[in-house]
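Read through the structure below, which is laid out as C-alpha cells, and then see the notes.
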Amino acid sequence: MASTNTNLQKAIDLASKAAQEDKAGNYEEALQLYQHAVQYFLHVVKYEAQGDKAKQSIRAKCTEYLDRAEKLKEYLKKKEKKPQKPVKEEQSGPVDEKGNDSDGEAESDDPEKKKLQNQLQGAIVIERPNVKWSDVAGLEGAKEALKEAVILPIKFPHLFTGKRTPWRGILLFGPPGTGKSYLAKAVATEANNSTFFSISSSDLVSKWLGESEKLVKNLFQLARENKPSIIFIDEIDSLCGSRSENESEAARRIKTEFLVQMQGVGVDNDGILVLGATNIPWVLDSAIRRRFEKRIYIPLPEAHARAAMFRLHLGSTQNSLTEADFQELGRKTDGYSGADISIIVRDALMQPVRKVQSATHFKKVRGPSRADPNCIVNDLLTPCSPGDPGAIEMTWMDVPGDKLLEPVVSMWDMLRSLSSTKPTVNEQDLLKLKKFTEDFGQEG
C-alpha cells in the first residue's frame, strides 16, 4: 500500500510542477513533466489502484494532462518551424485565435494527421537487428543490388547526381524460407543512417472507410520527413494483388494510393527506397509490379550455400563435424530452403539433449568445470552405453546440475534430423516462380 501512495504522490507532484512551469511559460519543461506524470498515473491505474472509482478519476486526469501535453507539443513544433517558412507580405491573411493563417495551409486536420502518424511510429525499427551481409549465405546478386540501392547513395551521394539515380523500388520474390525477410534485416542493420520502416498489412488496413489510404499517404510523408528512408513491406501481395471486379472498394483504394505515392505526379521520392517481399509475385497488380524497378528472384540455395548455412546455424555449438561432412549435408539437401535447413539444425541440436534424457548409464569424464571453464575437472558425467568401461547405472535425474557434460553434435545427429524433416517447397510453385523470373525478373 505504501508503494501505491508513493507512486501516486510522485505523479501528483509532477503534475502540479508541470502546471507551474506551464503557467510560467516554460513549455518545454512543462511538456516533459506532464509526460512523466501521466506515466506514473498509468502505472498506478494498471498495477496499484484499488476500485473502479479511483481508476476512473485517475484516467480522467490522465486524459486532461495528455490533451495539454499534445497542445504544448504542437505549439513547440510550430514555433520551431515558423522561421523556416517565410510568408510573402501580400499573402499574409488574417490570423485566427489559434495563431493559424486562415487562408494559408489548413491546420485543422493536423490532429488527424498526427494520430495517423503516431499509428505508424510503431513500424519504425529503432533497435537494429544484428544481421550482417556475411550472415546471409549466398544471394550475391541480391546483396549487390541492395548495396547499390541503399548503402552506396548514403556513403557516396556525389555518385548519384544528374541522370544517375539510385533504385526507388526493389521486389524480392522467391519460395518461402529463402531469406527475403532476412535480407531486409541485413539492410536494416547495415543502413545505419537510414530510417527503416517495417510494414505489414495490419499497419495500413483500417476498419474505418478512407483511413487505410490516409495511412499509406502518411507512411510516405513520414518517410520523406525522415529520409534517407527504407520502407520494407513483407508479403506485399496481401496489399497489392491484381485489381478485379470482385475486390472491395477499400482494397482498390489502398492500391491506388500506393501507386500514386510510389510514382505519382508531384511526388518527390528522392532518398526513399520501397522494398517489397512476396512468395507469390504473379498475383501482384501489373502497375504495382512496374513500380518495382528491380525484381530479384531469391532462389532455393545451391549446395555450397546450403553447406554454409549448416555451418552458420551451428555457430559456436560444440560439434564433431568436418568440412567434408558439411559438404555432404549440402549435397543431401537439394530442394531444401534456408528455413528448412534452420529447422534441421535446431532438431539436430536437440539430439544430445534427447540422448541425456534416454540414457540409462553415465560415465565419468574430464572436462571444463561449469563454475570456471579454465579449470579442468575429472568428475563430469556424460551418457554412455551399458557396456562402456566405467559405466554407472543412473538416469539424468540422478546427475547433479553442474556435473553434466552433454555429448557434442555429430554427423549422425544431423542425418537423423534430416531424415525426419521434409522440404516445404513444392515443384509446382518453383515452376511458377521460374516462369515469372523469365518474364519479369532477374536472378538473385
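Each Cβ is built from the backbone N, Cα and C atoms, and glycine gets one as well.
Database features, via Swiss-Prot:
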BINDING   Gly174, Pro175, Pro176, Gly177, Thr178, Gly179, Lys180, Ser181  ATP binding site
DOMAIN    4-82  domain 'MIT'
MOD_RES   Ser102  phosphoserine
MOD_RES   Ser108  phosphoserine
MOD_RES   Ser410  phosphoserine
REGION    77-118  region 'Disordered'
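Mean per-residue pLDDT, taken over the domain 'MIT' (4-82), amounts to 79. In this structure the alpha carbons, written CA, of Gly174 (ATP binding site) and Ser410 (phosphoserine) are 32 Å apart. Under the three-state DSSP scheme, Pro175 (ATP binding site) falls in the coil class. Classification of Lys180 (ATP binding site) by DSSP places it within a helix.
When each of the binding-site residues Gly174, Pro175, Pro176, Gly177, Gly179 is scored by how many other Cβ atoms sit within 10 Å of its Cβ, Pro176 comes out lowest. Taking the C-alpha positions, the distance from Ser181 (ATP binding site) to Ser410 (phosphoserine) comes to 30 Å.
Using the Cβ center of Gly174, Pro175, Pro176, Gly177, Thr178, Gly179, Lys180, Ser181 for ATP, the list of other same-chain residues with Cβ within 8 Å runs, in sequence order, Tyr182, Ala277, Asn279, Ile298, Ser337, Gly338, Ala339. In this structure, the CA atom of Thr178 (ATP binding site) is 26 Å away from the CA atom of Ser410 (phosphoserine).
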